[in-house]
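Undergrad: What follows is a structure written as structure tokens; I'll ask about it next.
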């Protein structure tokens with residue numbers, strides 16, 4: 001799989017060709033000016049013989065979202081707040097292309113939400129009560145979600161007595177908030193300028209709708225503050241002398257010039273995005289259309305039609321006038337991943353009661369991979385009194401994604417997944433520490449981690465098998481992207497062979513997480529009914545350290561790539577599992593990199609590499625809370641906890657290594673807050689980075705986009 005290479009491009013409006021509906025994109029418009037621009041785009045695309053387009057007219061954005069869901073339209077561009085709405089049930093739309101702002105040399109897929117005021121007005125951000133306010137629209141990012149989330153502590157909102165809009169209506173003297181129900185909240189529409197039914201409309205029929213409309217509300221003297229994005233002032237006031245008549249309100253209750261938006265803003269917001277259906281969404285066709293439109297009508301292209309431009313007196317038709325182009329959004333990115341945990345948290349703060357917000361902040365949501373981990377997690381949750389609650393995903397990558405969305409807080413990962421999580425912006429919090437012969441006198445929580453040994457195990461009876469004769473044999477792996485079971489052995493093999501064709505080195509394998517149709521999954525068994533073959537969770541019989549060793553023990557594979565403790569934990573009566581209870585340690589050997597073989601007791605001198613300990617990861621803003629809760633939990637349920645083994649044990653499992661490794665003595669502090677690179681070490685990070693040149697993952701592809 002190739003690494004994701006972003007493609008920068010521009011975009012415009014759409015056209016009409018009904019002859020081949022599968023090759024046609026139906027773009028949704030919300031006003032007559034948008035519909036006219038769309039038809040100009042349609043006519044020009046038709047002349048090119050490029051992907052055809054049809055222009056669909058609806059009254060407002062939510063109707064466009066419904067039309068796409070019902071397959072009556074295919075695409076529309078939305079701001080972050082509406083991307084969130086579109087991603088919810090029953091719509092389930094996903095962003096497929098993001099608008100790019102900034103400069104060609106420094107493109108960015110975000111913008112800044114700002115509060116603009118007239119110079120000389122004498123108030124700060126914490127003094128807005130009783131003022132007049134101008135908003136882009138209800139539920140929109142810069143105009144509503146961000147500023148109202150920030151101002152919520154000042155609103156005296158009693159959730160049980162009134163909706164949030166009611167509290168805002170009482171907070172400001174008067175407002176223009178397009179899209180609000182003007183019958184229910186007349187004060188929020190009082191400043192709006194539309195006539196008759198168009199007053200407070202959720203479209204350009206309301207003159208104060210959108211970024212330019214909200215700024216005009218301020219310019220006209222109707223409002224005292226306009227909640228817009230950083231480029232709005234520049235687009236409407238190209239002359240610096242005119243811009244100097246306005247200022248920004250800062251979070252620290254100071255003011256700054258309008259060009260100081262990087263230092264003085266309310267929040268950084270994901271850029272506007274084109275959305276489509278998650279299933280049968282014509283994603284490739286939409287991208288092909290955008291690519292062709294960029295090539296012919298993009299920024300700085302000559303001609304009467306400009307994709308990122310609007311006629312005099314109009315702004316931001318179909319797309320933002322200030323956009324440079326579009327970046328394709330990887331398929332792994334849904335609306336929640338696109339918006340990110342901080343933005344989603346701001347939205348939750350607007351929708352939940354104060355008690356719900358406090359409860360959410362106090363608990364830790366642990367992500368369990370697969371049904372067996374889910375079962376153990378639910379036991380933990382019950383014993384913790386719901387201080388720890390559970391989220392579940394079918395793969396580790398999906399759990400990492402849940403943490404990125406703020407739907408989970410933490411999980412413990414092996415080094416390979418720590419690399420992935422780190423690339424996505426998560427940080428190590430605590431390390432799984434095993435018993436130590438070197439530092440046995442030190443408190444486990446404060447003791448440095450020593451790593452573990454990644455080994456290649458074979459049966460003693462298979463006498464001719466060495467590291468140098470593995471090609472063509474059968475292999476057992478913990479899972480793709482895990483350290484001892486994949487990254488270390490396959491990295492070594494790739495370096496020796498100079499090839500990334502991992503499915504050609506061994507004749508057959510079980511590498512959970514690989515393509516189920518490939519030779520890398522040929523040896524996998526699935527569950528007791530033969531289902532879920534090669535899935536990277538406990539449903540697959542040969543998943544994980546114990547599963548990979550079982551694959552060898554049952555003569556399915558010739559070699560198992562595990563950690564050295566795995567052999568000890570499953571031989572000489574250490575395991576009561578039927579398949580392991582009669583296994584003898586002496587019947588197994590380790591393969592050394594020099595081509596020799598040694599007993600499993602000699603792993604210190606015969607291993608593939610020293611691997612970093614597993615560690616708990618979380619978002620940086622949740623790390624301190626996660627650490628505090630986990631240290632308290634292990635005091636109750638850790639190896640020497642007062643409620644283990646009577647009630648529950650964190651580091652024991654009905655099968656093996658669920659949530660944490662069973663040989664964990666404690667979760668240890670890391671000393672400061674190291675980055676994932678610092679925790680894993682330079683050599684390991686470099687080795688994984690080289691291995692990722694052979695193949696990446698959809699999640700890494702997504703995170704490369706999200707963190708650019």
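In case you wondered, yes, glycine gets a Cβ from its N, Cα and C as well.
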Undergrad: Report the candidate from 477, 607, 614 that shares the Fe cation 2 site with 414, 452, 545, as recorded in Swiss-Prot.
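TA: Swiss-Prot names 614 for this Fe cation 2 site.
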Undergrad: Looking at the Fe cation 1 binding annotation from Swiss-Prot, with 79, 211, 272 already listed, which candidate in 111, 112, 154, 417 is the matching residue?
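TA: Answer per Swiss-Prot: 111.
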Undergrad: If you average per-residue pLDDT over the domain 'Transferrin-like 2' (364-693), what number do you get?
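TA: The answer is 95, the mean pLDDT of the model over that range.
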Undergrad: What's the CA-CA gap between residue 545 (Fe cation 2 binding site) and residue 478 (hydrogencarbonate 2 binding site) in angstrom, rounded?
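TA: Given the Cα positions, residue 545 (Fe cation 2 binding site) is 5 Å from residue 478 (hydrogencarbonate 2 binding site).
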Undergrad: If you measure from the Cα of residue 189 (disulfide bond), which of the recorded positions 79, 92, 111, 484 is the nearest?
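TA: Nearest candidate: 79.
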Undergrad: Name the residues of the same chain, 6+ apart in sequence, whose Cβ is under 8 Å from the Cβ of residue 478 (hydrogencarbonate 2 binding site)?
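TA: Sequence-distant Cβ neighbours: 414, 484, 485, 486, 512, 543, 544, 545, 547, 548, 561, 562.
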Undergrad: Check the DSSP secondary structure of residue 79 (Fe cation 1 binding site), expressed as helix, strand or coil.
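TA: DSSP assigns residue 79 (Fe cation 1 binding site) to coil.
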Undergrad: What three-state secondary structure does DSSP assign to residue 551 (disulfide bond)?
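TA: DSSP assigns residue 551 (disulfide bond) to helix.
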